[in-house]
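S.K.: Below are the features I grabbed from TrEMBL:
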TRANSMEM  12-33  transmembrane segment
TRANSMEM  77-95  transmembrane segment
TRANSMEM  121-142  transmembrane segment
TRANSMEM  162-190  transmembrane segment
TRANSMEM  202-221  transmembrane segment
Amino acid sequence: LSPEFAMLSIPAALMLGLLLGLFNGALVAFAGLPPFIVTLGTYTALRGAAYLLADGTTVINSNINFEWIGNNYLGPVPWLVVIALAVIVLCWFILRRTTLGVHIYAVGGNMQAARLTGIKVWLVLLFVYGMSGLLSGLGGIMSASRLYSANGNLGMGYELDAIAAVILGGTSFVGGIGTITGTLVGALIIATLNNGMTLMGVSYFWQLVIKGAVIIIAVLIDKYRTRHHQSA
């Protein structure tokens, strides 16, 4: 990136992420489309758009101010960790200390029941998807800054890690159950698993097999836990 445009890419990435998240939320809230299909479709389209914009090449960053985000420290702590912790605290506060957090759990648990209690489900969905898009943009900025570059492959495969981390962290597929701290623990487990397999020289392809198996096992555990909770 040229110096005059590198710093503009930060608000641009955040704004684009927010708008795309709101777009997904609108499709789910107003068009009634399945969330998984909507997000999978936009993910595929945007991955293709990234290749087209970069013309299939790697975009090199040449702005030291942009690199500073991913390669400097606040005392002994990397700025990337500081930013991540700030996001974790913010999300924890929203979920555990605000009315909006209560509404998010309610919509996740039973959307129809939440609507009948007077919750503006569409507004909650727009907020959640918008926040997801915004944080995706932030994640892209952090990765590009850390690696000094970006390309269409950046972040490929992270969706599996994200799913595995969330499920291992105790979030239920039926919705309404899950915590930020649990997701953090799940993310640490996946990161440890990835690093461990890499240090052991496990093939990337076998890593995918193992992570896929972890996801399936976690879903089975969630299914059993949900069934046991309902029968109790």
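Including glycine, each Cβ sits where the backbone N, Cα and C put it.
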S.K.: Same chain, outside the transmembrane segment (202-221) by at least 6, Cβ under 8 Å from its Cβ: which residues?
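M.R.: Sequence-remote neighbours of the transmembrane segment (202-221) are 157, 160-161, 163-164, 167-168, 173, 190, 193-194.
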S.K.: With contact taken as 3 or more Cβ pairs under 8 angstroms (pairs 6 or more apart in sequence), are the transmembrane segment (162-190) and the transmembrane segment (12-33) in contact?
M.R.: no
S.K.: Are there residues at least 6 beyond the ends of the transmembrane segment (12-33) whose Cβ is under 8 Å from a Cβ of it, and what are they?
M.R.: 39, 42, 46, 121-122, 125-138, 140-141
